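Enquirer: Once you've had a glance at the structure underneath, I'll fire off some questions.
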């Protein structure tokens, strides 16, 4: 059965193909994708619960970490369930407004996560370079304003994308060769000039993310300079260990994102199914690994998880059903 539909303006639905060319492997691909998604949801949910319930984690660093966990949950939940529905149930149709909504949340989460990583880098900069002024600089009022600024910036940058898509007439085809809707992929289906979509879609979010990367690099160059000026090796090791998990998360976010961006822009010889497979992995692998990295490398979180687990075991053993 061929999915073809021609319409004058907005189609009632778009048809997501999943991973074109790999239809025979959809079931097999769905198994690791589902396991990674479950791991991401459970891991980030545990992280949020531990940060909320453990009083010693009520610090700016862990507030930003909880924001990162929420962003990871939203990013993977926006895309993976629909991909699994395509792979398992052949539910290829997605309403036009739902597609635009998916575009909005995918890009908002991307820009938002970059801003959160910048806020976490600033937190580490203050904690290591000016530790005596940490509580004076990062008051809860300042932290709240930073969190609000992250949400506001992400919303304002991506919100115009909705209007850029809704202004386009779609009179050619409604078939999207992807497992989820993304801005440029949908815009290319329009029978109109999409120059402004291309310029805005690539330039504005990417420029903002590059600015974040530059500021993060500046923060960590100052952090490393301060660390290597510390008198004792133990102090240097302790300072570096507090930044280790954050650096791992930064690399897991930016390396795949820029690799995906560059392959889309310059990797014309790379097959389409490879691009789409990488895009699917990008929205689930970092969210899956982030709580694992912080759980392994951060002592306070390990102790908080152990404390929660001990409380659950104690409650189960004390209950009549135990």
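First residue shown is number 1, and so on along the chain.
Glycine too: its Cβ is placed from the backbone N, Cα and C atoms.
Remember, TrEMBL labels are computer predictions, not curated facts.
Pasting the feature list from TrEMBL:
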type	residues	note
TRANSMEM	25-50	transmembrane segment
DOMAIN	43-294	domain 'G-protein coupled receptors family 1 profile'
TRANSMEM	62-88	transmembrane segment
TRANSMEM	94-118	transmembrane segment
TRANSMEM	149-168	transmembrane segment
TRANSMEM	206-228	transmembrane segment
TRANSMEM	240-262	transmembrane segment
TRANSMEM	274-294	transmembrane segment
Enquirer: When each of 25-50, 62-88, 94-118, 206-228, 274-294 is checked against the transmembrane segment (149-168) for Cβ pairs under 8 Å, which one has the most?
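Expert: Selected stretch: 94-118, with the most Cβ pairs under 8 Å.
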Enquirer: Who are the long-range neighbours of the transmembrane segment (94-118) in its own chain, taking Cβ under 8 Å and residues 6 or more past its ends?
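Expert: The answer is 10-16, 64, 67-68, 71-72, 74-75, 78-79, 82, 149-151, 153-155, 157-159, 161-162, 165-166, 176, 180-183, 186, 205, 208-209, 212-213, 215-216, 246, 249-250, 253-254, 257, 283.
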Enquirer: Take the transmembrane segment (62-88) and find every residue of the same chain, 6 or more past its ends, with a Cβ under 8 Å from one of its Cβ atoms.
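Expert: Sequence-distant neighbours of the transmembrane segment (62-88): 16-18, 26-27, 29-30, 33-34, 37, 40-41, 44-45, 47-48, 51-52, 94, 102, 105-106, 109-110, 112-113, 116-117, 119-120, 123, 143, 146-147, 150, 179-180, 249, 280, 283-284, 286-288, 290-291, 294, 300.
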Enquirer: What same-chain residues lie close to the transmembrane segment (25-50): Cβ under 8 Å, and 6 or more beyond its ends?
Expert: 18-19, 57, 65-66, 69-70, 72-73, 76-77, 80-81, 83-84, 86-88, 277, 280, 284-285, 287-288, 290-292, 294-295, 301, 304-305, 308
